[in-house]
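Data block below; observations after.
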Amino acid sequence: MPPEPGRDARRITAPRVFWPALSIIVGFVALALLAPGWTGKVFTTLNDTVVGDLGWYYILIVSGFIAFSLWAALGPMGRVVLGKDDEKPDFSLTAWFAMLFAAGMGIGLVFWGVAEPLSHFASPPPGTGPTDAEKARAATDATYLHWGLHAWGIYVVVGLAMAYAIHRKGRPVSIRWALEPLLGDRVKGGLGDAIDVIAVVGTLFGVATSLGFGVMQVGAGLEFLGVVGKAGTGLLVLLIIGITAMATTSVVTGLDKGIKFLSNLNMGVAGALMLLVLVLGPTVFLLGDFVSSVGSYVSNFFTLSFRTLSFQGEDGTSWLSGWTTFYWGWWMSWAPFVGVFIARISKGRTVREFVTGVLLVPTVVTFLWFAVFGGTGIHREIFGEGGFIDAKGGVDQDSALFQLLEGLPWSGLLSVVAILLVVVFFVTSSDSGSFVVDMLASGGDPEPPTWSRVLWALLEGAVAIALLTAGGGGLTALQTAAILLALPFSLVMIGMVVSTARVLLREHGRMERAERRLLADEIAGHIARTPDLRERVAAAAGDDGTAGEAGRPPAARPGTGGSGPGTP
């Protein structure tokens, strides 16, 4: 069970999780910093071999996670409460939606909001038609696939399993307990420790990957504004150090003072920036494109979900591993972080409410973001002056957002706001990430000591530096790390699906039996309160000894047929 909060601020409460996770992370950082060239080659080899061969697996299991989410929401199990049967939600529906909305925002949206749709437009999935309209539709389909229901279906699996374990069974905030229905008491031993170590390492690398993207975009923004000449790896490392220091300060101030203030501030800034781009950009086109893009996504949902591009050869494998496989791995590495967050805020919700809210609210927010930023970029590339796609057919993903803002009024101010947005998202992601990692590494302690949270925040920055150094300041190491570290956790998630399905079916059976007993009690009570009805029921049952005789057919005579002993 979890340690008492604040029992001993200096003690490591789960050493069998803390030390192995710390050793793996520190070992990787040391290797990447001491031998960046060799580490980079290893990442490249893994990306070309292992990652390319696992695309089908990631696509299959993530589609399975979506199927499980829909089964849980639409079936009779959806009535199960994530808490005691009569427990009410901790937050109003509006407040809960707002927090889910916040969960859908982050560094990734700011980095990829313009870059991904334009990248797909410039280099569409193999097999896409040659016209601009076909490439634009393929670009939005692919972007919505990567950021839509599938991403949040992954979070549903972890969040639902954790919410059931935490709120209905009273278990600690630790990944192992989500598999208790499947593993039993084995979650208390070495197997449970291994599960938590995988979750800690995967979450930290997932957050570090996002921080790597964020600092690359900050560097590109400073370069674009002329603040620096060239945003090389050295500058990116300095930026990570500076912003990690800010995140550490936020950690020290405490959860309420740090995370809440920064999160609320950033949500307002992000919403204002999106509205400004919508109003200052091609507004009518963006609204129309949003409607048609959602329609295309829905109508092609199953085709997109199972697309492996097998008949496109090496081009198909390369595109899939660089995009879809990367995203499914990235979301799985983030799943413990986001899953724990949405589980903690969903006490008292039914399974149906939980799945519906988690799948739909962040997805709608995400689609709006991409419709505004990505739609503006594609509109300018097709109908305007262009400039996003270079002579080689590539897109500068780091600076795409700032190129977009340059074509709008108040571009300088908007670019500064965008940089601040990324920085604050960096701080909040590191702050929240270190808090969740610390809970997982401390056996579910809801109030982990400050020193260990600072340690994990510093390690997130160190891993981001190591990944950028090993990748030469590029994306390859970040993407490969996300995919590979999600592989072991994907097995944990499959176990979560089995465990959660088992307990939901058990809960459904219990509810049905309780309802039948209640119905029987109501009928018995109604009969007891109605004398005439009681007499009629007794007569029908033969209680007076006459109804039974009168209603019984005559016995068959021997040799005349029937079911008596005389039947031949």
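Yeah, the Cβs are placed from backbone N, Cα and C, and that goes for glycine too.
Taken from TrEMBL as is:
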COMPBIAS  538-558  compositional bias 'Low complexity'
COMPBIAS  559-568  compositional bias 'Gly residues'
REGION    536-568  region 'Disordered'
TRANSMEM  17-35  transmembrane segment
TRANSMEM  55-74  transmembrane segment
TRANSMEM  95-115  transmembrane segment
TRANSMEM  144-166  transmembrane segment
TRANSMEM  194-215  transmembrane segment
TRANSMEM  235-255  transmembrane segment
TRANSMEM  267-287  transmembrane segment
TRANSMEM  325-342  transmembrane segment
TRANSMEM  354-373  transmembrane segment
TRANSMEM  408-427  transmembrane segment
TRANSMEM  454-475  transmembrane segment
TRANSMEM  481-505  transmembrane segment
Take the C-beta pairs under 8 A between the transmembrane segment (354-373) and each of 55-74, 194-215, 235-255, 408-427, 481-505. Which stretch has the highest count?
55-74
Candidate ranges 95-115, 267-287, 325-342, 408-427, 481-505 - greatest C-beta contact count to the transmembrane segment (235-255) (under 8 angstroms):
408-427
Taking a Cβ cut-off under 8 Å, which residues six or more beyond the ends of the transmembrane segment (481-505) line up next to it in the same chain?
43, 46-47, 50-51, 54, 57-58, 61, 64-65, 68, 71-72, 77, 80, 154, 157-158, 160-161, 164, 175, 178-183, 195, 198-199, 201-202, 205-206, 208-209, 321, 325-326, 328-333, 335-336, 351, 467
Can you tell me which of 55-74, 194-215, 325-342, 408-427 gets the most C-beta pairs within less than 8 Å of the transmembrane segment (144-166)?
325-342
